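See structure below.
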Amino acid sequence: SVGFKAGVKDYKLTYYTPDYKTKDTDILAAFRVTPQPGVPPEEAGAAVAAESSTGTWTTVWTDGLTSLDRYKGRCYHIEPVPGEESQFIAYVAYPLDLFEEGSVTNMFTSIVGNVFGFKALRALRLEDLRIPNAYVKTFQGPPHGIQVERDKLNKYGRPLLGCTIKPKLGLSAKNYGRAVYECLRGGLDFTKDDENVNSQPFMRWRDRFLFCAEALYKAQAETGEIKGHYLNATAGTCEEMIKRAVFARELGVPIVMHDYLTGGFTANTTLSHYCRDNGLLLHIHRAMHAVIDRQKNHGMHFRVLAKALRLSGGDHIHSGTVVGKLEGEREITLGFVDLLRDDFVEKDRSRGIYFTQDWVSLPGVLPVASGGIHVWHMPALTEIFGDDSVLQFGGGTLGHPWGNAPGAVANRVALEACVQARNEGRDLASEGNQIIREASKWSPELAAACEVWKE
């Protein structure tokens, strides 16, 4: 017979390698695989490894021009998921050479680009990634990180407080700026553009930036504290986005914001580099994340999106609340909160962490708790998230019966009371409600808030 051995072949012959010892430079992935009936797990795992690296559906003669052993992804371990029939965790190792340096975009295109529509699988979910040191070092990461942010803001030893300005759509720029001023004047550290606020007919971005900057400087002068407003620079093109960031820098404001999933990783990394070069902090909103991470058996877990963001760059990222209106299981949430903040995180399956991750001194990201939280949640939030976090109360500030500024006062008083109680050694988990009640005795603003949002 002439030629090479053509034809469709079993993936597992080439791509299932249980004896493989993973290298320090490999990118490791943990996939939750649900094969179609009759497809053995080894074949399904191997198919994932193949389709997300060098494989194609049939043997091609150009395979002979390269070294498959050097470039192929390998499925090196498979384990059944306890309590689920026909679900498996497939571990895949990718050689580092398959990826462009410093590009989250390319990393995702390779690992999750094609394989999720694969016929042999009923469903596929990327649960976790281990990014090797060598690859982490090709990324700039967050523009500034937690420590630098605290130094810029001169705020230490407590979580930071924020508030999303509502109604999210429809306010004029001047009224918007007024709401910003009231919240900051009342005692919040930050206010935030809603993720949908870009540049719409009722409020163009330049007008908003101007009035928010005015609000910020006025509040700063009156309180003696550094204030910020996350100016949303997200736009339809990268060029327009940078134009907005440049204007923010010219106004001298401390922080801008970006929707990193809808904006895309290329745009996000571009903005992140600009922010580091120009001393702007970068707040990241995760609009669209639930499209990707909500299904338990298909898509990508948020911890992967969080890791990707730390590589691409951002100083704050929304990461669920554990207590408010959006779902988030406590241990799992704490797992990816640690992945955002810490330099080194040990493998811990009970918290959903499949791999030990070393960030080799890449700056950390502040997790932002936001969504349906109010003053009664403050002790729990302080305890769960600790000092390095941003607690965002949108309705929990603006919904105060006396207005925005008293709403801000209520939140700040509640926070300071919780931090003080914790520092005195009291247990926030069991005494939380009592701590808030005590504080509300001398703060009418807090008392009114406690009344509106009963525990």
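The backbone N, Cα and C atoms fix where each Cβ goes, and this holds for glycine too.
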For the substrate site, Swiss-Prot lists N114, T164, K168, H318, S370; sort out which one of R286, R294, R341 goes with them.
R286
Conformational class of D194 (Mg(2+) binding site) under the three-state DSSP mapping:
coil
To test your reading of the Mg(2+) site: which residues beyond K192, D194, E195, same chain only, put their Cβ within 8 Å of the Cβ centroid of those residues?
T164, I165, K168, D193, N196, V197, Y230, N232, M257, H285
Which residues does D194 (Mg(2+) binding site) neighbour through Cβ under 8 Å, counting only same-chain ones at least six apart?
T164, I165, K166, K168, L169, N232
Between the two most separated Cα atoms in N114, T164, K168, R286, H318, S370, the residues recorded as binding substrate, what distance in Å do you get?
37
Please give me the binding-site residues out of N114, E195, H318 that lie within 10 Å of H285 (active site, proton acceptor), comparing Cα atoms only.
E195, H318
